[in-house]
Structure formats: C-alpha cells, structure tokens
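Visitor: These came from TrEMBL, pasted as-is:
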- 88-287: domain 'Peptidase S11 D-alanyl-D-alanine carboxypeptidase A N-terminal' (DOMAIN)
- 104: active site, acyl-ester intermediate (ACT_SITE)
- 107: active site, proton acceptor (ACT_SITE)
- 159: active site (ACT_SITE)
- 275: substrate binding site (BINDING)
C-alpha cells in the first residue's frame, strides 16, 4: 500500500518538470526567431550573473506595432555577457548594415585611439591651425597648453572639433587617422572608414571619386560593436559622456570653462550615456546607452544600445524609440 503514494509523487514530479521544460523551451525558441543577433563577438566586462528568471527577457508583446521612425538607419540592441554564452539580441532594426555618414559619432573612435596611444597627463600645445577648425571651438586659445584628459572632456562633452584636431596633431593627423582605420579593422567593423578625426564632411565633393572615400562613415551594427568594445575596455569614455555639464580645470588648478553636453536626453533617468553628431551629409545622428526600463536586471548585467543615423530630429526619433521599447517588451 505504501508504493502508491510514491508512485503518485513520481508522476507529479514528471508532470511539473515536463511543463516547466516545455514552457521555457517555448519562450526560448520564440525569442530566437524574433530577435537573436548574429554578433558573436560582442561582450561586456564587470558582469554579474543573470538569474534564471530573467534569462529570456525582454519578451516581445506581439500586439504592439512596430514604431514608425524617420531615419535612414535605426538599431536597438541588448548586449549581454559573453561568459553566459548568450548572443546579443536585436530589438529593432532598420537598415542596420547600411553604410552611412556618421558626423561627430566619429569622436568615439577618436577617443579610443587617444586612450590606447596617449597618456592622459601629457600636455598638448594648441596651435593657431587648431582653432581655425569649422564649428564648435571648445574655447581653445592658440599657445595654451592643456592635458590630453582636458581635451578628451572638451571633445566628448561639447563635441569640440578643435579639441579633436588638437589631439590628432600630437602624432600627426594623417598617422592618427591611420590608427583609427586600423582599429576599425581590428574590431571587425567592415562598413567603417575614416578620413579625419572630427567627423566633418569634405568641403568639396569630387563626383569622380567614391562617395565614402570623402566622408567618415559606418553602419549602426558596426557602431554597436564599437560601443561594446568601449564599454569593455575604456570606461572613461562612458564616464565623460554621462555628464550633462562639467567645470573644466587645467592640471594647474585654473578654471578653464564650463562644458555643456550636446546630448539633452541625459536628463532621462534611463539614459546612461551617449553621443550626438550632425553634418549636412549625415543628418542628425545619436547613440544612447540605456539601462533596463524596469531595472529588473542591474545595468551592469546588460546594456541597451540605441543607434539612429540620418534623422531629421534625432532627439524626437530617439524618444519615440525609447517609448516603444518600454511599451513593446516585458522587461
């Protein structure tokens, strides 16, 4: 008689296990078809383990329609830890592999090359040629000396072209651009190329030459890979770009000027950091790195990266994308 309770207990265990397996596998296959990315090599550092309950989030709500975004290219992607053997997931994509002008998004690679080749404490003397660069001066004066770190803050927060030029001139602008393109190749950025460290278009376009040989260009997918690399290797860049404003002092302790970030969306508590860009050829461009809308998983566990290229109004289109992500997925 004692065998019957054991028999029923075993049946109950099998039913519960089988149901759980079917439930999780159903979600897993659903999500892989929906939005699994082919970015095999994107990973982040300083990762804590994601608990099993959240492994397959965010979950797409099928009833929510896709957003109508006015831009040449859009990408929203979740970057997850490599050690979890999870691929990054695309949440929304429009022309993600299309090669396009990127304007001052260029300065993300400029900053990367600076951090991998310079010392932050080194000084750079500002030349007369440096301050004649078109647009965004950064309040630089010919003859003054600023540290590499000073110029990084000015270049990234204010998107200063003069600061970018000053940084490149330290080793020669031609050599600096070579290092930018070399780094792009090392990272597997197949649709990325640079002609200058600033992001400005060529002043005169030669119709007989290849269009992209006269402009800094990349794709949304390549930029996502660059963001992943920066997040992993160069925490100073996100740290600087997370600041809405910053009072800059020289290494001698002298106040230089107050910097104001070109990215007005930093006021959103969900936004961690980002970079803006604009030229006549590129249109409005923006990259934002965000935390989970519900913060169910700590921001250190994964990042949401939104990239918009060639928009008429980058901030409006980005807000539309963020609102859609918050309503279209269960986080």
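Using N, Cα and C of the backbone, Cβ positions are placed for all residues, glycine too.
No curator has checked TrEMBL annotations; they are predicted automatically.
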Visitor: For residue 104 (active site, acyl-ester intermediate), what is the secondary structure by DSSP, using just helix, strand and coil?
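Guide: DSSP assigns residue 104 (active site, acyl-ester intermediate) to helix.
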Visitor: Tally every other Cβ atom lying within 10 Å of the Cβ atom of residue 104 (active site, acyl-ester intermediate).
Guide: 27
Visitor: Could you give the Cα-Cα distance between residue 159 (active site) and residue 104 (active site, acyl-ester intermediate), in whole Å?
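Guide: Taking the Cα atoms only, residue 159 (active site) lies 7 Å from residue 104 (active site, acyl-ester intermediate).
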Visitor: Around residue 107 (active site, proton acceptor), how many other CB atoms lie within 10 A of its CB?
Guide: 29
Visitor: C-alpha of residue 275 (substrate binding site) to C-alpha of residue 107 (active site, proton acceptor): distance in Å?
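Guide: Here the two Cα atoms are 9 Å apart.
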